[in-house]
Amino acid sequence: MVIAVLGYLARWICDDALIYTRAVEQILSGNGPVYSAGERVETSTGVLWQWLLAGAGFVSGETDTATISWMLGLALTTAGFALAVAATQRLHPRAAAWLLPAGAVVLLALPPVWEYATSGLETGLTTCWMAGCWWLLVRLRESTSGPAIAGAAFVFGLGPLVRPELTVVALVFLAGLWLLARPGWRVVLAAAGAAAALPFGYEIFRMGYYGIVVPLPALTKNADASLWGRGFHYLTDFADPYFLWLPLVLLTVGLAALVRRVRAYRADLIVTLTPVVAGLLLLVYVLKVGGDYMHARMLLPVLFLLLLPVLVLRWSRTGAALALVIVAWVPLYAGSGRYHEAPGPVRAIDDERAYYVSWTHTDNPTQTEDYTRQQRDLAAAVEAARKSGRRTLIYQGVHNEILTAPLREDLPARAAVVGVYLGTAGMLAPPDVAIVDFWGLANPVGARFAFPPGKPGHSKPLSNIWLLADYADPAAPVARTGNFVFQRDFDPAELAAARHALSCGDLAEIRESTREPMSLDRFWRNLTGAWDRTWVRVPPEPLAAERAFCGSGGPPQQG
């Protein structure tokens with residue numbers, strides 16, 4: 001298929017893909033679904049993708065699944081497109097021998113679709129899951145037996161495990177399934193059980209094992225925020241460069257014609273509108289949370305859902321005219337070279353593939369080594385720390401110079417390294433070296449910092465004060481220098497306040513919930529406290545955090 005060729009030509013993985021690779025490496029090394037051994041943190045937003053990669057790594061014998069990730073993503077994207085087009089074709093009567101490509105052309109013309117056909121992220125799985133839901137719903141027009149309904153419900157229910165925000169898509173497809181079949185209560189109960197079994201079971205595991213109700217990156221990115229202005233900017237950042245409004249308006253006309261044709265057939269009408277409703281609700285969510293920092297990424301599932309009923313159009317004069325204009329739009333507004341990032345050293349939205357092609361000096365960065373060789377000094381520091389036998393914390397100063405401090409004794413790792421590029425740091429360090437995330441995606445304390453909204457996933461930097469308070473040996477002297485974000489030297493009183501805050505109240509419980517050895521008692525305490533623990537927020541200023549968690553008194557006096 002065309003998408004397979006386009007995806008292969010644009011093949012790549014990003015640093016975030018290596019976050020999955022590191023988590024999978026820990027699973028295959030026997031440390032469990034964690035980022036650092038001895039600290040239970042869920043960094044993988046796409047749970048099902050993580051476990052698919054772990055399964056592929058187990059079968060292949062590879063603990064580094066970076067290459068597998070882009071290949072599997074491309075295979076799933078290709079399968080998803082094939083399933084989606086086949087399902088849309090079934091919407092049309094067999095007498096309609098001529099079908100015109102319409103929505104499919106729009107998708108294939110957009111560079112972000114090519115790029116995220118690989119990337120090493122869960123986008124390919126998302127595409128395949130949505131296409132599978134569409135295919136099952138279309139087929140259920142012809143057979144609404146109990147087993148068929150329960151099987152479809154099981155697949156629809158996987159949405160939260162593909163990505164948390166796809167819960168809304170899963171619910172819409174389940175509602176469409178119920179409206180389509182109107183089954184008896186026994187079948188309804190069976191379908192509800194099939195849909196909820198895996199997501200509910202995993203949520204219990206998440207709460208008991210990790211101690212929160214959502215993946216940690218959801219806290220880092222403030223997934224409960226309302227940032228409508230930024231969300232609409234994210235939408236126009238995707239739509240405007242490709243003049244996407246034109247084909248969308250044309251395909252809305254095509255959808256309206258399809259709805260008029262099938263409105264007399266209740267089943268066809270329900271099937272046609274289900275993905276459109278799901279896409280619109282998902283769009284509302286993306287707009288509300290302010291989109292993402294990766295150009296187009298979070299809107300690709302929205303676009304795919306909206307276009308499912310009109311991937312192909314029935315031959316008619318209207319359909320032919322619409323298809324002709326769409327085909328003319330492709331060379332004028334679509335294709336590569338249309339999108340340009342906003343100027344400036346710090347951007348809210350990035351062309352992620354272009355950035356990593358430049359950073360790795362590789363046209364198709366598809367291997368771990370493409371990334372880790374960009375941080376040879378950090379890798380050398382990690383190797384030196386391991387060979388020395390000393391407990392070492394490796395971090396960076398104002399000018400990104402490498403600094404070290406003695407690592408505290410109560411941590412299981414003998415070395416820890418700060419990861420500004422979290423995935424790259426995770427893969428240049430062996431599984432027995434702890435990774436301290438600079439941006440909060442894998443840091444239970446950093447994820448809860450109450451900074452103002454900023455670039456998604458990059459708005460909660462970790463100061464060296466908090467880093468040293470949490471990881472450095474309190475008895476050892478440390479450099480008082482800042483880092484490239486917090487550049488001033490810090491006061492010893494701030495370090496003492498941060499250490500004191502980490503030992504008090506909810507903040508101490510957060511650390512214990514992730515670092516205390518797992519037991520039935522710890523699992524139960526994590527489970528029952530997960531809801532409250534999820535909503536804890538930490539003032540980033542150490543003295544304010546000390547007041548918030550320890551009261552007005554200062555740290556206990558020594559001696």
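Backbone N, Cα and C define each Cβ position, glycine as well.
Feature transmembrane segment, per TrEMBL, maps to range 161-180 of the set 121-140, 161-180. Residues in the domain 'Terminal beta-(1->2)-arabinofuranosyltransferase C-terminal' (413-528) partition by DSSP class (helix H, G, I; strand E, B; coil) as 49 helix, 11 strand, 56 coil.
Between the transmembrane segment (320-339) and the transmembrane segment (95-114), the number of CB pairs under 8 angstroms, six or more residues apart, is three or more, so the stretches are in contact. Counting Cβ pairs closer than 8 Å to the transmembrane segment (95-114), the top stretch among 68-88, 161-180, 187-205, 269-287 is 68-88. If you look at the transmembrane segment (161-180), the same-chain residues 6 or more away from its ends with a CB under 8 A from one of its CBs are 45-49, 122, 125-126, 129-130, 133, 137, 140-141, 144, 149, 152-153, 188, 191, 195, 198-199, 202, 214-215, 218, 223, 267, 270-271, 273-275, 277-278, 281-282, 285-286, 301, 305. Confidence for the domain 'Terminal beta-(1->2)-arabinofuranosyltransferase C-terminal' (413-528), expressed as mean pLDDT, is 96.
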